[in-house]
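Trainee: Okay, these came from TrEMBL:
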type	residues	note
BINDING	Gly10, Ser11, Gly12, Lys13, Ser14, His15, Arg117	ATP binding site
BINDING	Ser14	Mg(2+) binding site
BINDING	Asp32, Arg56, Gly78, Arg139	substrate binding site
Amino acid sequence: MKIFLIGLMGSGKSHWAKKLSKKLKTGGYDLDFVITSHEERSIAEIFAEEGEANFRKTESKLLRWFAEKKSFVLATGGGTPCFNDNMDWMNTQGITIWLDEPVQILAQRLLPEKAHRPLIAGLPDEALQGFLREKLEERRAFYSKATYHLKEGDINDRTFAKIIKEHA
Ligand code: S3P
């Protein structure tokens, strides 16, 4: 089974990729980590040195490496679905699950680690929620193409077990 986890930063994609891949006894990956390993630089450095447009090219190229793999759970980056037809591509490969946590929760989680995330590093703390709300609206059309849309309260072991059963 190929599972792609999508959603805004801070929505728990990496956490669930680890957890689900263990449960499924399959590979668990984090696209940001694949990118930083391949580029031998942090995401912040890639953004600073090459700009977002080039980061998106690399991100899309490395995402397509997963065509070769038969089974995995991949935590994508928050912007991955919104560039280079990535969302449609992921949907042809396997199932996509949108982790749609409320913006207040995302902001709480992201505040302490803002500095490492190039899109929000320069924002004053009080602007974070507004920024995330805007991003969500910008990205909604892409995220909405997900096979499953999990909202607050649905993002738990029981829901994931049900999804896995449906695709076993
Ligand atoms: C981004 C999210 C980040 C990372 C990059 C851009 C975004 O990934 O890919 O900083 O555009 O939302 P996470 O969602 O894993 O934090």
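Cβ atoms are placed via backbone N, Cα and C, with glycine included.
Since we're looking at a predicted model, the values are computed, not measured.
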Trainee: I'd like to know which of the binding-site residues listed (His15, Asp32, Gly78, Arg117) lie near ligand 1, counting only a CB under 6 Å away.
Mentor: Asp32, Gly78, Arg117
Trainee: What is the one among the binding-site residues Lys13, Arg56, Arg117, Arg139 whose Cβ has the most other Cβ atoms less than or equal to 10 Å away?
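Mentor: That would be Lys13, with the most Cβ atoms nearby.
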Trainee: Looking at the binding-site residues listed here (Asp32, Arg56, Gly78, Arg139), whose Cα lies nearest to that of Ser11 (ATP binding site)?
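Mentor: Closest recorded candidate to Ser11 (ATP binding site) by Cα: Gly78.
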Trainee: Among the binding-site residues Ser11, Ser14, which residue has its Cβ surrounded by the fewest other Cβ atoms within 10 Å?
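Mentor: So among Ser11, Ser14, the binding-site residues given, the one with the fewest Cβ atoms within 10 Å is Ser14.
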Trainee: So, in DSSP terms, is Lys13 (ATP binding site) helix, strand, or coil?
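Mentor: It is helical.
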Trainee: Considering Cα atoms only, can you say which of Asp32, Arg56, Gly78, Arg139 is the nearest neighbour of Gly10 (ATP binding site) among these binding-site residues?
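Mentor: The smallest Cα gap between Gly10 (ATP binding site) and any of the binding-site residues is with Gly78.
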Trainee: Substrate site residues Asp32, Arg56, Gly78, Arg139: biggest Cα-Cα distance, Å?
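Mentor: Those residues reach a largest Cα separation of 18 Å.
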Trainee: Pop the Cα-Cα gap between Arg117 (ATP binding site) and Asp32 (substrate binding site) into the table, whole Å please.
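Mentor: Cα-Cα, rounded: 11 Å.
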Trainee: Work out how many Å separate His15 (ATP binding site) and Arg56 (substrate binding site) at their Cα atoms, rounded off.
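Mentor: Given the Cα positions, His15 (ATP binding site) is 23 Å from Arg56 (substrate binding site).
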Trainee: What does DSSP say about Arg139 (substrate binding site): helix, strand or coil?
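Mentor: In the DSSP reduction, Arg139 (substrate binding site) maps to helix.
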Trainee: Kindly assign Arg56 (substrate binding site) to one of the three DSSP-derived states: helix, strand or coil.
Mentor: helix
Trainee: May I ask for the distance between Arg139 (substrate binding site) and Arg117 (ATP binding site), taken between their Cα atoms and rounded to an integer number of Å?
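Mentor: Here the two Cα atoms are 18 Å apart.
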